[in-house]
Ligand code: SF4
């Protein structure tokens, strides 16, 4: 397993004064994160736009790992929008119970199925304007579905993305719509979906909300917030955590790279054990994130 550390910088990077400088620095960070997490993808398991849409709705207030535990049963029992629409609430509630807020989620999912049947012939629409009219679907969820199930580039501003965008100096806003717009101007559209994935991966694994592990961070040299977290490499390493279940064989390490290094492919996990790029993802692993 590759588990080498990078040498932390002596001090935080400056936010460049010019727009060009800021874009250049942002893209350096992005390229480095792609090297670090080449397998980054939406961490929800899905095999169709409908499955991703439902899984994303279920992911509210819980982890993707938790959602992935219930969706195989859910999708076997209710394989399409019509089945969701006519579900018996108490039966679905039992399946969704482990994800929390299961009564509200059951209502949302059944209502979603009904609206899809009534207004979209049971199919998930592939346009943002249509998606956000569905119950329980906001801009973030719509972008996750567009980016990963339809291959339409989108920036998914969840809690991780917003936090890291501010730490990187890409924005000062806490409004997801503003963050999406400001960050979108710094990157080509084709990179938006992968950008969302790698930033979220980094937020989950290293740049945590309360204790970022700066001392083992691969983008520390370009980060204006270096030093907000633990800078001592040994102490920082102890902060690392993983949200994905460990692949077969044991604990999954964060595959830290030395410059030019090669990530350990065994860390990568695919959708239900399939290759990393999901069947319906034109953009997932570059080709969300949530
Ligand atoms: S872990 Fe520290 S250095 Fe790395 S991105 Fe987060 S704040 Fe910046």
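Including glycine, each Cβ sits where the backbone N, Cα and C put it.
Summarising the annotation, TrEMBL assigns domain 'HhH-GPD' to 58-205. According to TrEMBL, the feature [4Fe-4S] cluster binding site maps to 207, 214, 217, 223. Here TrEMBL flags 263-290 as region 'Disordered'.
Here the features listed in TrEMBL are painted onto the structure.
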residue	record	Cβ within 10 Å
207	[4Fe-4S] cluster binding site	25
214	[4Fe-4S] cluster binding site	26
217	[4Fe-4S] cluster binding site	28
223	[4Fe-4S] cluster binding site	23
On the DSSP side of things, how many residues of the domain 'HhH-GPD' (58-205) fall into helix, strand and coil, could you say?
100 helix, 0 strand, 48 coil
According to DSSP, does residue 217 ([4Fe-4S] cluster binding site) sit in a helix, a strand, or coil?
coil
With a radius of 8 angstroms around the mean position of the C-beta atoms of 207, 214, 217, 223, what other residues of the same chain does the [4Fe-4S] cluster site pick up?
167, 206, 212, 213, 219, 220, 225, 226, 228, 229
